[in-house]
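Reading through the C-alpha cells given below for one structure.
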Amino acid sequence: MITPQAALNRLIDGNELFYDEMLALMRQIMRGELSPAQTAAILIGLRVKVESVSEIAAAATVMREFATHVPVSDRRHLVDTCGTGGDKSHTFNISTTSAFVAAAAGARVAKHGGRSVSSSSGSADVLELLGVNLQLTPEQVGQCLDEIGLGFMFAPNHHSAMKHVAPIRKELGARTIFNILGPLTNPAAADHQLMGVFHPDLVGIQSRVLKMLGSRHVMIVHGCDGLDELTLSGPSMVAELKNGEILEYELEPGEFGFPLCELKDLRADTAAQSRDRLLAVLDGQPGPARDIVLLNAGAAIYTADIAPSLADGVTMAREALDSGKAKQKLQQLIALSRKLGG
C-alpha cells in the first residue's frame, strides 16, 4: 500500500496514481486516517496534476463503498439527473424540475443532490421550500421510489464519511476531486444518468469514468455558455455512453424546435425565485424555462431507456407537462415524504 508521502511525491512529479493505490488512499481519507495537512496536500496535488479517469473512478468506487445505500426493488429505468453544479450561472433548478417531468413520463428518478454550492439554490434548498421532507431514511427513500417512481436522496444523509473532508474542503476554498464525485456516487446505484458538468474537459472524462463504473446509458453534457445542462443559448457538448460505447457530439436546441434564449431568461437569484420558476413550469407557463426543462427532461427520459430517441423523449416530456402529471409528481413527493417522515 502506498504511503501518503509517497503518493504526494508522485503527484508533485506529475505522475498518476495507480487504480489500487488510489483506492487505498481514498479509503484512508474517508476513514479519517490521514492528517488534515496530508489530505489537503493530496487533494491539491491531484488537482494540479489533473485527475485521471482511473483516479476518479477509484475515488468514486470508495465513496460508493462508504455511502448509505437506498434499497430499490425495481431497477428498471432508474435514472439520476444530478450534475456537478459549480457553473456559476445562477439559473433556476433545471435538473430538479426535469426530474418531476421525467418521473411523470415513466422514468424512475433517484435524484441525488444537496444544498447550493455556487448557485442561488441547490436541489435540496428548493425542494425544502416546496415542502418536501429531506430527512428520510434510506428505506423511506426506497419506498418513495417504489410507490411513486421518484425519490430524493439528500447527500449529507448518505455520505457521512464526508465529515472527515468537509472542513478541509471549506478551508481550502478551491475545487478538488470531490467537486466531481457527487454525481458519480448515487446511493441508489442508478446506472442511467443525465449529468451536467461545469467544464468542457469533464464531458469526455466523466463518460469514461462511468464506463469504468459500469453505467448502462448516460449523457454527460456541457452548454456552450458554461451551463451544466443542455442549454438553449447554442450548442451543447455531449458524450453519450450506451451499450459500452461512447459517442461524442454537439446538440443544437433548434433540432428539437426550441428557439435560442439567453441565460438571463433562466435566472433565479434566490431559492424562493427558483421555487416560483419551477412551479410556473409545472403549471404550464410557456417560455424559455419550460423549453429548457423539456429538453433536459427529454434527455433524462431517453437515458432511462423509456424513449428510443432524444426527440421522442422531448415529446414524452411535453405530454407529461401538458397533462398535469409532472405537477402531480411534485404533489405526490411532498405528501409521501411528509407521511413517511412523520
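Placement of Cβ uses the backbone N, Cα and C atoms for every residue, glycine included.
Quick look at what Swiss-Prot annotates:
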type	residues	note
BINDING	Gly83	anthranilate 1 binding site
BINDING	Gly83, 86-87, Thr91, 93-96, 111-119, Ser123	5-phospho-alpha-D-ribose 1-diphosphate binding site
BINDING	Ser95, Glu229	Mg(2+) 1 binding site
BINDING	Arg169	anthranilate 2 binding site
BINDING	Asp228, Glu229	Mg(2+) 2 binding site
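Features per Swiss-Prot, on structure.
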{"residue": "Gly83", "record": "anthranilate 1 binding site", "Cβ contacts under 8 Å, 6 or more apart": "Ser95, Pro183, Met195, Gly196, Val197, Asp228, Glu229"}
{"residue": "His112", "record": "5-phospho-alpha-D-ribose 1-diphosphate binding site", "Cβ contacts under 8 Å, 6 or more apart": "Asp80, Cys82, Met153, Ala155, His158, Gly182, Pro183, Thr185, Asn186, Pro187, Ala188, Ala190"}
{"residue": "Arg115", "record": "5-phospho-alpha-D-ribose 1-diphosphate binding site", "Cβ contacts under 8 Å, 6 or more apart": "Gly122, Ala124, Asp125"}
{"residue": "Arg169", "record": "anthranilate 2 binding site", "Cβ contacts under 8 Å, 6 or more apart": "Leu43, Thr176, Phe178"}
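DSSP assigns Thr91 (5-phospho-alpha-D-ribose 1-diphosphate binding site) to a strand. All protein chains included, Asp228 (Mg(2+) 2 binding site) registers 27 other Cβ atoms within 10 Å of its own Cβ. Taking the Cβ of Ser95 (5-phospho-alpha-D-ribose 1-diphosphate binding site) as centre and 10 Å as the limit, one finds 26 other Cβ atoms among all the protein chains shown.
Glu229 (Mg(2+) 1 binding site): 28 other CB atoms within 10 A of its CB, across all protein chains. According to DSSP, the residue listed as 'anthranilate 2 binding site' sits within a helical segment.
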